[in-house]
Amino acid sequence: MAHQAHPFRSVLYIPGSKERALEKAQGLAADAIIFDLEDAVAHDEKIHARRLLKTTLETADYGHRFRIVRVNGMDTEWGRADLEAFAEAKADAILIPKVSRAADLEAVAALVPDLPLWAMMETAQGMLNAAEIAAHPRLSGMVMGTNDLAKELGSRYRPDRLAMQAGLGLCLLAARAHGLTIVDGVYNAFKDEEGLRAECEQGRDMGFDGKTLIHPAQLEIANAVFSPSPAEIELANRQIAAFEEAERHGQGVAVVDGKIVENLHIVTARQTLAKAEAIAAFRAS
């Protein structure tokens, strides 16, 4: 897992055309916000949304929430103008839709020389080219677009997301190999807390840093599931203490709760504590 100074447990989509939603987002408990100019905005509102969002980012206070702008694709009539408008905006990253190959990032990189780039991974071709995409020097994060991927695959929804597993796994491997942040796709039934929790647990078990969300009601569950639990923090501290004690006696392994603890487990334990500290710092900011 990449070390992160900022948590990405909850990444909330906000339509760039909705002034009330943009205002409300300033007080929500989201680690990051995706200000959406693409799927969430009707064609006849695209220009209005671009102007509204640019003004909002210049004047509104989103605190320490990570601000990501999802632009329209370069193959649309709005994509280039979006990039030109937000190249120097008060944002933390630009999210590019439907990235299928590393070349899709090149034109964007030239137009946005200073901001980190994130990629929407939502096409079958993108899954197959995940390693190539993740290796791009300007890329900082990946966002799984599971709705579009399901459409391409022609798959039916299953709670275990069986049809998604190969693509999710390829992107996770690529992201981890290149030290990128990677967040899971959305859960559409925003009133189904049990289903959301189960899918968040699955995503965390797989190794995602957090989950993209479509409704503020989903924030609490995502934040809880993707945070280290008190038990995990306590275990990490005990593992580190036991391993350091073993090292003082010239031993390379320790035993905690009847299980062998080696250096690789200590790396994970320290990452757990670092994530807990980052979350605590974010809450205090």
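Cβ atoms are placed via backbone N, Cα and C, with glycine included.
On a predicted model such as this, the values are computed, not experimentally measured, just so you know.
Marked as substrate binding site by Swiss-Prot: Arg70, Glu122. Residues or ranges marked as Mg(2+) binding site in Swiss-Prot: Glu122, Asp148.
Features as recorded by Swiss-Prot, highlighted on the structure.
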| residue | record | DSSP class |
| --- | --- | --- |
| Arg70 | substrate binding site | strand |
| Glu122 | substrate binding site | coil |
| Asp148 | Mg(2+) binding site | helix |
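Highest local Cβ density among the binding-site residues Glu122, Asp148 belongs to Glu122, counted as other Cβ atoms within 10 Å over all protein chains shown. Calculated from their C-alpha atoms, the gap between Asp148 (Mg(2+) binding site) and Arg70 (substrate binding site) amounts to 15 Å.
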